[in-house]
Amino acid sequence: MKKAILIVQCSDQKGIVAEVSRFLYSYNGNILEVDQHVDVEMGMFFMRAAWELDSFFLGKDEILPRFEEEVGKRFKMEIKLHFDFPRPRMAIFVSKLSHCLFDILGRHHAGQLEVDIPVVVSNHSDLKPIVEAFGIPFFIIPVSSSNKESAEALQLQLLEEHRVDFVVLARYMQILSGDFIRHFPNRIINIHHSFLPAFVGARPYHAAFERGVKIIGATAHYVTEELDAGPIIEQEVARVRHHNTIAELVQIGQDVEKVTLSKAIKYHLDRKVLAFRNKTIIFY
Ligand SMILES: Nc1nc2c(c(=O)[nH]1)N[C@@H](CN(C=O)c1ccc(C(=O)N[C@@H](CCC(=O)O)C(=O)O)cc1)CN2
C-alpha cells in the first residue's frame, strides 16, 4: 500500500485538525496515522497525518498545491509532503568502531529498515571486509586536519552520485564542516555515546567513569555545526555500578548506542521527526 505523509506547522488556532481531516476525506483519503502537538508557550501547532494513496482522488503532484490552496493558505502553514516510495537511500559514515555499523547492517539484512544502503564511507580501511561481506560498496576517504575540505568534497560527490537522501554517522569520528551539513539539513544523524548534554565531545565514557556516574546513556541527534548540540531525536540510558570497569562501561554503553541509533533511524524513515528550534517533535 502506498502512503502519503503530511507534516504541517503553524500558529495554533481552532479548526486545523478539522480542516486537514476534511481535506483528506473530501478527496477520498483513508487516514492511517494522525498525531498533533500544541506548544502552548510558543502558540505553535504541529501535525502529522498519513493516508492511503491508492484510492485517493488526487495525483502525487496535485496534493501539495491543492492542500496549500484549500487549507495551508488559510492557516499560514509550513507544509511538508512525503511519500513512502521510492525507498529512501541512506549512506553510513564510519571510522574504526563496528558495533553500530553491524547493528544497522544486521537490522537491514533482517528487513527491519525500509531503506536502501548504496554506500558506506570511512576515513579508515578497518571495516571494509564487514561492509563488502554485506555486498555494499565501501569507500575509503582519509581525513586529516590538513585535507578536510578536499575530503568532504569527495564525500559529497559520492553522496550525490549515489543519490543519497540522508547520512548516518555510526561512530564516525570526524567533525563535519558547516558547508557539508548545509547539503543535508536535518538529514545527518549522529550517535553520541553519552546522555547529552552531559559529556559532549570525544571520550564521554572515560569522562563518565572518572565522574563516577550511576547512569550512562546514548543520544541520537541531527548534526549541526556546533558539536553534539543538534536536535535530539532519541535517548536511552543504562545503569552502571561502582565496580564496573571502564571496559564494562563501554560494553554496556555500546548496547545502548545501538538501540538508540536504530530507533532514531526508524523515526526518520517513518517521517515521524519534526525539528523545530533545535528540538524535535517525535510523532506517534
Ligand atoms: N559538525 C559536527 N560534526 C560531527 C558531530 C556534530 O555533532 N557536529 N558529531 C560527531 C561525533 N562525535 C561525537 O559523537 C565526535 C567525533 C569526533 C570528534 C573529534 O574531536 N574529532 C577530531 C578528530 C579525531 C580523530 O581524528 O580521531 C576532529 O574532527 O578534529 C568529536 C566528537 C561527528 N561529527
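Glycine is no exception: its Cβ is also placed from the backbone N, Cα and C atoms.
Note that TrEMBL annotation is computational and uncurated.
Residues or ranges marked as active site by TrEMBL: Asp228. Feature annotation from TrEMBL assigns domain 'ACT' to 5-86.
All protein chains included, Asp228 (active site) registers 20 other Cβ atoms within 10 Å of its own Cβ. Secondary structure of the domain 'ACT' (5-86), assigned with DSSP and counted as helix (H, G, I), strand (E, B) and coil, comes to 27 helix, 31 strand, 24 coil. On the 0 to 100 pLDDT scale, the domain 'ACT' (5-86) averages 98 in the predicted structure.
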